[in-house]
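Undergrad: One structure follows; several queries about it will come next.
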Amino acid sequence: MEWLLEIALVVLLAATLFHALRLERALGVLKRDRAALQDLVNGFNSSTQAAEQGIARLRAAADGAGRHIARQTETAQGLKDDLQFLAERGERLADRLEQLVRAGRSLVQAPEPAGYEAAEPEADPAPATPAGAELPRARSQAERDLLKALRMAR
């Protein structure tokens, strides 16, 4: 019976030795993989640091661009207000000019009173006729150009 116990003990020692050898190989693989894992962790850390620095630079660039856009927006708002004022002023001037043109046109086309011609002394008729003939046509062309410009402006 002692022999049986000793044989059982030898079998158990052999199994323990077998498992110890397997564990030693596994630990050797872990040691080799540990170096690779350490390299992987170091690479990951350096990539993380580079990404953080890139994010900081990107954030700074975005802040600078935001401030630049804000300044341009303020400038554009001022220019918009100025242009709006000038457009309104131009409209008022165009309306006033149109009224003056219409008033001038009615004065040119209005017949003169009969007594007015007779009371005035006769001037040299030769120079007055060509100047009078050219003046309404020149005014008419100028009026047409002005009205055309006013229509295009609206």
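Our numbering is plain: 1 for the first residue shown, then up by one each step along the chain.
A Cβ is built for glycine as well, from the same backbone N, Cα and C atoms used for every other residue.
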Undergrad: With TrEMBL as the source, which of 67-110, 111-154 is set down as region 'Disordered'?
TA: 111-154
Undergrad: Could you put numbers on the helix, strand and coil content of the domain 'DUF6468' (30-105), residue by residue per DSSP?
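TA: The counts are 76 helix, 0 strand, 0 coil.
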